[in-house]
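Asks: The structure follows.
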Amino acid sequence: MEKPNAMDDPTKWSCNEVSNWLTNNGFQKYCQLICVEHQIDGQGLLSLTENDLKQSPIEIRVLGDVKRLTHLIKSLKTKCVGRSNGTVLYNGVIPMPRQTSLQMVDRINAPTDSSDIECNEFDRNITHHPRNLDPEKGKAALAVCYMIFGLLCTCYCIVVVQSKAPDQQKHPPLPDIFLNTFPQISWAPKLSEGAVLSLMVIWIIIAVLNKHRWILMRRTFCLLGTMYLLRCVCILITQLPVPETNVICDRKNYTDFLSRAGRTLEIFFGAGLKVSGLKTCGDYMFSGHTVSMTMFNFFITEYTPKKMCYIHILSWILNLGGMFFILAGHGHYSIDVFVAFVFTSRLFCYYHTLANNINLMSRDTKRTKIWFPVFSYFEANSTGVVPLEFEWPFYSWSNIKNYLRGYEIVSSKDKS
């Protein structure tokens, strides 16, 4: 078998080059028939199908040769697609650009004979025919409820752990490499919360301008809700000593459910931010601020084109800077921030790896429903990578005037 040369373009092969290709792959006995009698060049070779090889006028009678030659031609078409995209193939793998991976999945999974598609036509169909994705607005609304439920659970757990926070007189702060090295900065928490709000605003703008905004919002709320529920478990099972030495933790004791519910709503509507006047303690493992910043950062970098590198750089600066200021304010231990970043980033990557690959989702649906029930429900109709398509979501004044003008014309016709 010949080794593929990335510099060759099969669509430009002459009959002699097709003959050489057949010879190198062990089909020299068909060179006279294909290249001399029927003058098959590179483009003709790529358009050959299994039926062409079996039927007249070529009519190869050895079925094994027909199957092997058909397989080689299909492989050559695949390599041709890779070269037409300006990529170099390694071991038959095609590095596909992000904006065409959805369409490639469509073509692979379509119930058609791929050997009937010419190389150039195949590449053109991949690039210029995006799929209409189902927004599933009902699931987006349910994802909002799921996130609110996770937030309320987190706020309630904060109320519980604050009343049981370790006594600062008996339990000093744990040894921490960052807190022991850097002195506390009083204004650092405000900067960290400013980073959270900035990333949130940037992501909201990007999501609203994206054509598939409902899918993006559904995934955002779903992942945030999952992380908040995970945080509930973590802050309940292990209570760490207060890391701040110059701040007294007010161990408020809410004994009845109504008082806890009132405090829960107070934290919820204050969004857990110190700039809103809230003072909480005990909820250290892990950092909720880091969860929000990291989640927004990953969504921003995932759903914006690579050429918008300035937004990606700004997003990472806000994320890492916000994490630094959380630690500089001594509001969390280093392990709180580190674990929050790792958990959030891994959950985001695992979720999108499954959502972007149909084969991974369909390989074992029962196991997916058991281990990832929320994902299994929200992404049940997922068809792969969400393309980066943007549009103006609001009606312009000219569109409104045209709509009203058309309405007036229809009304006048009805009256007449």
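Residue numbers in this text run from 1 along the chain shown.
Placement of Cβ uses the backbone N, Cα and C atoms for every residue, glycine included.
From TrEMBL, here are the annotated features:
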type     : residues : note
DOMAIN   : 13-79    : domain 'SAM'
TRANSMEM : 140-161  : transmembrane segment
TRANSMEM : 191-209  : transmembrane segment
TRANSMEM : 221-242  : transmembrane segment
TRANSMEM : 284-301  : transmembrane segment
TRANSMEM : 308-327  : transmembrane segment
TRANSMEM : 333-353  : transmembrane segment
Asks: Sort out the residues at least 6 away from either end of the transmembrane segment (333-353), same chain, that have Cβ-Cβ distances under 8 Å to it, and list them.
Replies: 174, 176-179, 219, 222-223, 226-227, 230, 240, 243, 284-288, 290-291, 294-295, 298-299, 302, 323, 326-327, 360, 375
Asks: For the transmembrane segment (221-242), what are the same-chain contacts with Cβ under 8 Å, counting residues 6+ beyond its ends?
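Replies: Here the qualifying positions are 140, 143-144, 146-151, 153-154, 157-158, 160-161, 164-166, 168, 171-174, 249, 281-286, 288, 291-292, 295, 333, 336, 343-344, 347-348, 351, 374-375, 378.
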Asks: Roughly where does the domain 'SAM' (13-79) sit in mean pLDDT, to the nearest integer?
Replies: 87
Asks: For the transmembrane segment (284-301), what are the same-chain contacts with Cβ under 8 Å, counting residues 6+ beyond its ends?
Replies: 154, 192-193, 195-196, 199-200, 202-203, 206-207, 216, 219-220, 223-224, 227-228, 231, 234-235, 238-240, 243, 272, 311-312, 315-316, 318-319, 322-323, 326, 332-333, 335-337, 339-341, 343-345, 348-349
